[in-house]
Amino acid sequence: MSNHSAPLLARGHLDPMDQDLNQNSLTSSRKRRLRRCRSAPRGDCMYNDDEDVKTDEPPPHRSIIPMFRDLNPNLREVILFFVLYLTTGTLCFYLVRNQISGNKTNGVLDAVYFCVVTMTTVGYGDLVPSSSTSRLLACAFVFSGMVLVGHLLSRAADYLVERQETLLAKAFDLRKTVGPTEILKELHTKLRHKCYVTFLVLVVLVLVGTIFLVMFEKMPVIEAFYCVCSTVTTLGYGDRSFNSGTGRLFAVFWILTSTICLAQFFLYVAELNAETKQRELVKWVLTRRITNNDLEAADLDGDGVIVAAEFILYKLKEMGKIDEEDIDGILQEFEQLDYDDSGTLTNSDLILAQTTS
């Protein structure tokens, strides 16, 4: 280094490489501060400086069953509830098998078959409770089965919300490397493929069920297809059903698979419709430019300067995630906790606010 450049460095004139390093360090530090701003932050939150992600987050609970380890926690919970329901229902209906009338084949098989038909609300009518005890038991399992289905639908709704949030997050992330058109095309194509695959599986299940009824239950083709449709849609008129032991063994697996596949297909269709609307919002967010009016609206404290927190709140309001009432309630809580009216919260503020209350 020359003697002429040394005084410049001493007076604070850094070379371009040092300036870039300082700028990257400042940006990473700012991101960490923003991401640590959670509703209930942990005191030991740590972020990786290179990737800006949490490094000390406790690993999610892993199931001791190998096949469940990679499943979504919500899906794992639904499967456990389903296995518990099916096991309990089979045991109960087997114990009251003599109080169930109809076309019987095998005690255990009939119990499983009756439990599945009850849970899916197919209700063929080929096996019916004939005593007060069995009828009360059937009523209990009908309602518990509906609760299980409602739980499944609730998890499906959570899945839809998560997918929409992921869509927005991924869109903002992809914007760094590709344009809005490529982003929207990639996100929409995957869901369409899911719809096509699910519909194809559903068609195969309908064909398999129809062929099985023709070959093993000796039904005409039209009646077999009619029975399949009434089963998949859980209508279950009862004039056609699985009567043989082989047919009911097949029905235990086929009814569950076909009804779940149909529900999954409708879920993907609903998600596709919701994502189409969400894509319009994403496209608007990606292509819209910030104006002076937006800056004025985002300036919550009216000081003429927009900080990151104000900009984030404005964008959340713009996307419909929060409204003015939510912000007012949060600001009121902040003012109550800000005991010294300094505009910031410290441990002393919290202690004084708790002591006063």
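Placement of Cβ uses the backbone N, Cα and C atoms for every residue, glycine included.
The domain 'Potassium channel' annotation in TrEMBL covers 81-161 (among others).
Look at TrEMBL and you will find 201-272 (among others) tagged as domain 'Potassium channel'.
Per TrEMBL, the feature region 'Disordered' maps to 1-37.
The annotation transmembrane segment is assigned in TrEMBL to 78-96 (among others).
Per TrEMBL, transmembrane segment is recorded for 108-127 (among others).
Summarising the annotation, TrEMBL assigns transmembrane segment to 133-153 (among others). Tertiary proximity for the transmembrane segment (133-153) is limited to same-chain residues at least six positions away from its ends with a CB under 8 Å from its CB atoms, namely 78, 81-82, 85, 89, 92-93, 96, 99-100, 115, 118-121, 263.
What TrEMBL lists as transmembrane segment is 195-216 (among others).
Taken from TrEMBL, the feature transmembrane segment applies to 249-270 (among others). Residues 109, 112-113, 116-117, 120, 122, 152, 156, 159-160, 191, 194-195, 198-199, 201-202, 205-206, 208-209, 212, 216, 228, 231-234, 242 of the same chain, all 6+ positions outside the transmembrane segment (249-270), place their C-beta atoms under 8 angstroms from a C-beta of that stretch.
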Would you mind splitting the domain 'Potassium channel' (81-161) into helix, strand and coil residue counts from DSSP?
61 helix, 6 strand, 14 coil
Distal contacts, the transmembrane segment (108-127) - CB-CB under 8 A, six or more residues away:
85-86, 89-91, 93-94, 97, 100-102, 138, 141-142, 145-146, 148-149, 231, 234-236, 238, 241-243, 245, 248-249, 251-252, 255-256, 259
Tally of DSSP helical, extended and coil residues in the domain 'Potassium channel' (201-272):
56 helix, 0 strand, 16 coil
